[in-house]
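Taken straight from TrEMBL:
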TRANSMEM  B:21-39  transmembrane segment
TRANSMEM  B:45-64  transmembrane segment
TRANSMEM  B:71-93  transmembrane segment
TRANSMEM  B:134-157  transmembrane segment
TRANSMEM  B:164-182  transmembrane segment
TRANSMEM  B:212-229  transmembrane segment
TRANSMEM  B:261-281  transmembrane segment
TRANSMEM  B:301-324  transmembrane segment
TRANSMEM  B:336-353  transmembrane segment
Amino acid sequence: MRQLIALCCCLFGLLSFPIQAAETSRVDALFTELAGAKLKHMELILEQLEEAKGEAILPLFRVLLGGDLYYIKANKNLVGKFDDQGKTLYKQVFNDTLVPNLAKRDVKKIRVNNKLRGYLRNAIARIQLTAKSPSVRESAVRELLSKLDASTVVILEDLYPNEPNKKVKEAMGLALAMHTASQTELAVSNRLVAIETLSTSLENDVRNALTKLTQDDNPAIIKAAQGALEQIAQRAKRFAFVDQLFFGLSLGSVLLLASIGLAITFGVMGVINMAHGEMIMLGAYTTYVVQLIMPNYIDYSIWVAIPAAFLVSGLMGVLIERLVIRHLHGRPLETLLATFGISLILQQLVRTIFSPLNRQVSTPSWMSGSWEINPVLSLTLNRLYILAFALLVFIALVIILKKTSLGLNVRAVSQNRNMAKAMGVKTNWVDAMTFGLGSGIAGIAGVALSQLTNVGPNLGQAYIIDSFMVVVFGGVGNLLGTLVAAFTLGIATKFLEPTTGAVLAAILVLVFIILFIQKRPKGLFPQKGRAAE
Amino acid sequence: MSRLTAWFSEGRSSGKHTLPFVVILLGVTLLASAANLFLPADSALYVSTYTITLLGKYLCYAMLALAVDIIWGYCGILSLGHGAFFALGGYAMGMYLMRQIGDRGVYGDPLLPDFMVFLDWKELPWFWLGMDQFWFAMLMAVAVPGLLAFVFGWLAFRSRVTGVYLSIMTQALTYALLLAFFRNEMGFGGNNGLTDFKEILGFSLQSDSTRISLFIITALLLSVIFVISQRILSSRFGKVVLTIRDAESRSRFIGYRTDRYKVWLFVYSAVIAGIAGALYVPQVGIINPGEFSPVNSIEMVIWVAVGGRGTLIGAVIGALLVNYAKTRFTAIMPDAWLFALGAMFVLVTLYLPKGLMGVYGQLKAKYRPTNAKESQV
Amino acid sequence: MSALDNTRELFRRDQVWPFLAPAQSRVNVDNQMILYVEDLNLSFDGFKALNNLNLYINDGELRCLIGANGAGKTTLMDVITGKTQCDSGTVYFGQNHNLLNKDEAEIAQLGIGRKFQKPTVFEEQTVFDNLELSLKTDKRVLPTLFSRLTPTQIDRIDEVLKTIGLAEHRFMLAGALSHGQKQWLEIGMLLAADPRLLLIDEPVAGMTAQETERTAELLTSLAGERTVIVVEHDMEFVRSIARTVTVLHQGSVLAEGTMDQIQSNKDVIEVYLGEEAVGEKGAEQGKGERA
Amino acid sequence: MKIKTLVSAIALSGATLIALPSIAADTIKVGVLHSLSGTMAISETTLKDTVLMMVDDQNKKGGLLGKKLEAVVVDPASNWPLFAEKGRELLTKDKVDVIFGSWTSVSRKSVLPVLEELNGLMFYPVQYEGEESSKNVFYTGAAPNQQAIPAVDYLMNDLDVERFVLAGTDYVYPRTTNKILEAYLKAKGVAAQDIMINYTPFGHSDWQSIVSDIKKFGSAGKKTAVVSTINGDANIPFYKELGNQGISAEDIPVVAFSVGEEELSGLDTKPLVGHLAAWNYFQSVETDENEAFIKAWKAYTKNPKRVTNDPMEATYIGFKMWANAVKQAGTTDVDAVEQAMIGQETPNLTGGVAVMNKNHHLSKPVLIGEIQDDGQFEVVWETDGVVAGDAWSDFLPGSKDLISDWTAPIKCGNYNTKTKACSGQNY
């Protein structure tokens with residue numbers, strides 16, 4: 001089998017060789033034409049190029065699709081732009097030889113628009129049907145599902161029989177089935193078989209094809225199509241549920257991250273820390289700064305940002321504790337006022353330092369994109385990571401509080417300050433550390449949030465209230481409560497949203513919390529000891 | 001009637017700041033008004049209409065601060081949701097003013113306010129009915145906040161939700177209302193709220209005389225509420241309220257149903273807030289969901305903290321000072337005023353735990369120790 | 001004018017509004033019993049604080065509760081005054097008032113006064129106000145709002161002030177009083193409320209010898225028209241006032257009787273009085289020899 | 001009686017300090033009423049700087065009528081009632097001759113009555129929902145017919161879009177715009193089930209479900225596009241979510257009305273390449289005026305990376321026109337300037353000429369751009385010639401019959417062509 005493929009490949013090669021020789025001149029002409037062509041003419045040129053050069057044109061299309069195709073103003077030669085450690089260089093499109101000493105003004109970009117991009121994707125897919133790696137072939141086929149025209153079908157038909165890879169074959173089979181099913185002149189039996197095969201797929205294009213078939217004039221076909229759609233819908237429903245659950249969990253993880261720091265400063269120390277949101281904000285800005293410092297290592301920046309953010313926010317926390325909170329012990333409601341003042345100051349501070357505009361924090365490549373489980377269910381990677389991260393932080397925190405001596409002291413102080421003092425615990429030190437810890441974790445949360453939302457002076461304000469709700473709902477001073485509360489609220493919101501819409505969902509959740517607190521005045525997991533009051 | 005006056009006269013002994021306060025307040029009010037009406041615009045003593053509306057606004061805030069102080073300073077209940085009651089009162093007034101526009105709206109629709117016309121609502125929602133009657137609107141301005149406070153307080157205080165939990169719940173309350181009023185489906189004008197008012201009781205809101213009268217009315221109401229509150233708080237009821245702040249369980253063991261005391265005080269405070277809101281809207285010219293935002297409610301608490309909680313006069317002074325400072329700062333140093341304000345809050349909580357009145361008290365005690373002794377009488 | 005009259009009618013102080021009128025009947029003590037506590041059970045996660053405890057108090061008697069720490073003395077008071085809910089059992093005040101379905105305020109209004117271990121008075125208010133607040137009056141919201149001190153009430157307060165010896169401190173903030181004075185003030189607050197039943201938790205803790213004596217006199221004098229239950233550790237004090245003593249142990253009654261009966265009671269001696277009793281006996285003997 | 005003195009001190013100082021009559025200096029005062037703190041600071045500070053730059057620039061040219069210009073900046077702090085108060089402060093206390101300010105509709109609505117009462121003059125530089133025309137305000141931003149409708153036309157004609165998602169933040173601008181678009185689309189024969197409308201609160205940050213709904217809605221075989229009136233802050237998480245859920249511009253293009261260069265500078269545009277925005281100006285347009293403007297701006301802000309955007313152009317045009325009008329009228333008196341403004345022409349930055357119409361709205365070209373990976377827009381379509389801003393939309397039942405004409409004989413902001421009546425004026 002393999003040999004056979006190889007054989008046809010080189011056959012292709014042999015055949016195409018003389019033609020190539022003949023056509024080189026024409027191709028070059030096309031190239032020069034491409035340079036500086038009007039958007040509307042370009043598609044035509046590209047078509048000609050595709051048929052002329054076949055697979056060999058791929059690199060050009062790729063570069064063009066990536067928006068990196070330039071031409072040298074002087075001689076209209078095409079070059080591809082690429083970045084190397086921050087400085088832009090240009091290379092030949094077909095053989096990766098570097099084109100030396102080209103400055104920005106020597107070259108001009110060849111623009112593409114959506115139409116062209118669409119065309120290029122298909123073209124690349126068509127060409128890639130015969131690519132080496134099966135995965136590429138498969139994605140190529142799936143890409144084509146939506147635009148099945150006679151020509152592609154022909155190609156698929158003669159590739160189908162001798163396709164070695166099972167999955168690719170499946171995909172091709174699907175494509176062909178779609179085609180057969182849609183052909184009214186074919187025998188009903190064949191079409192029914194085709195529909196049968198379609199009913200096993202979750203692809204959108206398949207579903208749309210079937211929906212078209214329900215307008216078919218043959219009752220049998222209609223019936224079959226509807227049956228198939230039924231099946232698909234059934235399966236899709238299950239995945240939809242999973243999807244929604246994931247959304248809920250993801251929102252929950254964000255709430256958890258935002259509130260867990262507060263669970264310490266507020267829950268354990270009883271400080272109503274209105275500046276908590278700004279601690280998160282500081283974390284986010286730290287991420288931004290880190291990325292400024294290491295622009296070429298965005299992928300690793302996060303790993304630097306996390307400890308950095310922890311330190312920055314943590315130190316700020318210690319500072320606040322030493323300067324302000326320390327003087328307000330036993331007056332929780334007054335810490336509210338002081339910390340509110342602090343939050344105002346911090347906001348204005350970043351506004352003056354970083355300007356009030358949002359700052360760009362780019363997502364590491366390994367965090368972008370999504371994990372395609374199947375055509376209807378795909379989980380976005382960044383949220384997946386953040387979910388995991390939130391849980392990680394939570395566990396780490398629990399360990400710190402339960403296993404380390406700091407944790408022991410913290411709990412001692414939170415339960416009975418004076419007794420702890422009497423036993424020789426350095427309460428001042430513990431307070432500073434606790435507050436630092438809480439703030440630091442808020443900072444880490446900031447790193448995570450910088451991947452989801454905009455990094456601006458108001459970042460903190462957006463989360464402060466939710467955080468308080470989560471902590472109070474969970475039970476002040478109880479980490480587990482915070483965890484449960486965060487996920488409960490997250491999931492609840494997400495399952496309400498489809499029916500009620502975002503705003504009403506939020507309102508309902510709030511009202512629910514208010515009523516719940518009437519029933520359980522100390523939250524889900526009431527805490528023993530006096531820290532709460 | 002005589003008995004009521006008797007009841008008041010008795011309070012005089014305890015509320016010894018009351019008289020001077022009322023005198024000064026009304027005095028300043030009348031002077032300012034006169035200066036605005038009768039002096040030529042170029043004289044140095046002329047008080048511009050801008051100042052009048054500004055002062056009017058301050059007085060509304062002072063009234064609001066009074067409400068917060070009554071519940072926080074005297075009963076120890078820190079409400080972070082008083083903005084809600086204020087805004088509800090304001091909306092009641094706003095709806096009345098909206099209905100007053102009548103067919104002078106840009107679309108000339110006799111019944112529907114403009115924002116309803118261009119989001120093409122077909123008929124007036126039920127809760128707008130009757131709002132064209134001044135008395136009814138004013139009734140709503142006090143009844144709605146009062147009712148909300150009653151329901152909330154009744155639930156919360158009976159199940160003994162206290163301290164931080166209560167504060168956060170009040171915050172949740174106002175936040176929920178904020179979101180609700182943002183929704184355009186609610187029929188309260190969404191984010192834009194209610195604005196472009198023309199007349200109140202037939203008097204044009206643009207005219208100085210109306211502004212002055214609104215200003216004077218605000219001052220009058222403020223003093224009346226001040227006197228009543230002073231009296232209430234110096235009655236035995238007031239003493240019970242203090243015991244709730246200091247040792248609630250004890251006063252239960254003496255036989256006081258503290259939860260009921262709290263509920264009624266909460267309602268009273270909410271009603272004052274509602275009145276403040278209703279006076280605020282015609283002087284400022286717009287009411288929108290922003291008033292519900294939790295940050296506003298926190299600011300109110302800070303006014304009281306600055307002035308000195310537990311003393312009505314302190315609340316008033318705090319509100320006037322902070323807002324005056326805000327006005328000045330936003331004009332003088334638009335880029336840095338938040339620093340100043342923030343620093344102010346921090347410093348006050350750190351060094352003046354009893355607020356300005358606390359300082360005043362200390363000074364007095366320092367210079368006139370004998371008097372300090374009497375003051376406990 | 002009629003409207004005016006109505007308002008006048010509305011605010012007459014000497015009578016409360018009908019719908020506010022108390023549906024409260026007097027405490028029924030036909031058979032000389034004022035407090036019935038029957039098989040009371042209460043456990044704080046696992047630990048049994050009260051273990052089907054039975055206790056009957058006669059009307060007008062003075063009863064001492066003694067027992068080691070954690071014997072359930074204070075818990076019992078908490079249950080009686082409605083501070084804590086018990087798991088099972090019944091507590092009746094007289095024959096007609098079931099205390100378990102009432103909250104602190106109601107119970108207090110029925111005429112059960114309580115003094116805490118640690119004196120709790122309203123520190124921000126004057127001694128006078130403290131007493132005024134605890135007077136036996138209508139304690140619902142509106143009446144309190146429009147209430148005014150009647151001469152009789154003032155006399156009552158003066159009287160109490162004399163009894164507790166704080167007459168000259170009447171306008172001092174309660175917070176400024178000494179510990180002992182606070183103790184007295186709190187007792188005074190009980191007197192002002194003139195309750196049927198007083199629950200007094202360690203009245204003489206932190207008092208000087210003669211203060212203690214005066215307290216003893218006061219309590220004994222109270223007994224009779226009032227019923228008094230005293231929890232105390234100071235044996236001397238107990239002996240000086242006690243007619244009947246009840247010993248609690250691990251949440252249930254261990255023994256009951258006069259001081260002498262108690263002291264001669266075997267199991268009491270071993271669980272509670274133990275060495276102390278022996279020591280005292282020894283001391284007496286010593287005296288005897290010297291004599 | 002220290003207390004008495006204290007209170008009186010405060011009250012009086014309050015009264016007098018603010019009331020001290022401002023010394024009539026020999027300058028022309030330009031009020032700047034943009035939020036410098038709070039939620040809107042993110043957008044408005046830029047415009048404050050723009051005005052300051054224009055003032056500098058004008059002064060370099062020797063000012064106006066032989067007087068120097070003096071900018072008076074105040075901070076309404078994104079607090080709507082404060083806009084009215086500060087507006088009054090500018091007009092009565094600082095006696096400014098003109099105000100440049102406001103971004104959100106509500107802030108404009110809040111200050112409007114004050115302007116009309118004190119007969120002030122304000123330039124409002126942001127695209128908005130229309131349905132308003134005041135004698136005292138000149139609207140240099142786009143009206144719906146200068147942004148939304150051409151954009152939808154482009155989607156239908158050039159991209160053959162058949163299904164539309166109208167996603168917006170829940171406030172009056174998106175509400176109105178979407179109402180207009182809905183009516184327009186239906187008029188164009190788009191079926192009701194092919195239009196999906198969705199509103200979210202301000203600063204909405206969790207877009208998962210909504211984006212996945214859009215995805216589902218878009219997977220029905222017909223070409224689908226999103227028309228986004230989502231407000232500033234919420235956009236970044238929205239686009240991030242789009243990118244992560246793998247919705248590319250080829251599948252479902254998003255055309256936004258409030259996403260400009262500045263918003264894009266806040267995020268990584270790689271995943272957004274190809275999404276659209278409709279404006280009257282893009283930084284990428286290559287004309288001499290624009291180049292000069294950009295150069296000046298970067299120099300002024302001392303930041304070579306600083307971008308320009310549409311509201312800045314609107315401010316630029318507004319300021320130029322006002323300056324010309326003042327020259328022409330020879331005074332800064334509001335009524336004179338107001339009349340001189342109408343018919344005023346000034347070159348815009350995209351190579352055309354902006355004209356101020358009788359309804360106080362501008363005639364501008366409409367451009368549609370595709371987001372590029374460098375955070376700039378590539379113009380893919382533009383109207384031939386300029387479009388006149390329409391104060392009162394013809395697609396809303398309430399306002400079909402209304403027109404605005406501030407020249408004699410009508411002199412009315414909301415003149416009903418049917419009843420020949422002018423309703424609701426505030427003066």
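Cβ atoms here come from the backbone N, Cα and C positions, even for glycine.
In TrEMBL, annotation is done automatically, which means it is predicted and not curated.
The recorded stretches the transmembrane segment (B:212-229) and the transmembrane segment (B:21-39) share 3+ CB pairs below 8 A when only pairs 6 or more apart in sequence are counted, and are therefore in contact. The highest tally of CB pairs under 8 A with the transmembrane segment (B:164-182), across B:21-39, B:45-64, B:134-157, B:261-281, B:301-324, is held by B:134-157. Within the chain, the transmembrane segment (B:21-39) has long-range Cβ neighbours (under 8 A, six or more residues past its boundaries) at 45-49, 51-52, 55, 208-209, 212, 215-216, 219-220, 222-223, 226-227, 313, 316. Panel annotation: around the transmembrane segment (B:261-281), residues 56-57, 59-61, 63-64, 66-68, 70-71, 74-75, 77, 79, 82, 85-94, 97, 138, 141-142, 144-146, 148-150, 152-154, 157, 194, 197, 214, 217-218, 221, 225, 229, 232, 237, 240-241, 244, 287, 291 of the same chain, lying at least six beyond its termini, place a Cβ under 8 Å from a Cβ of the stretch. The stretch in B:45-64, B:134-157, B:301-324, B:336-353 that contributes the largest number of Cβ pairs under 8 Å to the transmembrane segment (B:71-93) is B:134-157. Contact check: the transmembrane segment (B:301-324) against the transmembrane segment (B:134-157) gives fewer than three Cβ pairs closer than 8 Å, residues 6 or more apart, which falls short of the contact criterion. Proximity of distant same-chain residues to the transmembrane segment (B:336-353), defined by a Cβ-Cβ separation under 8 Å and at least 6 residues beyond the stretch ends, is recorded for 302, 305-306, 308, 322, 325-326, 329-330, 359.
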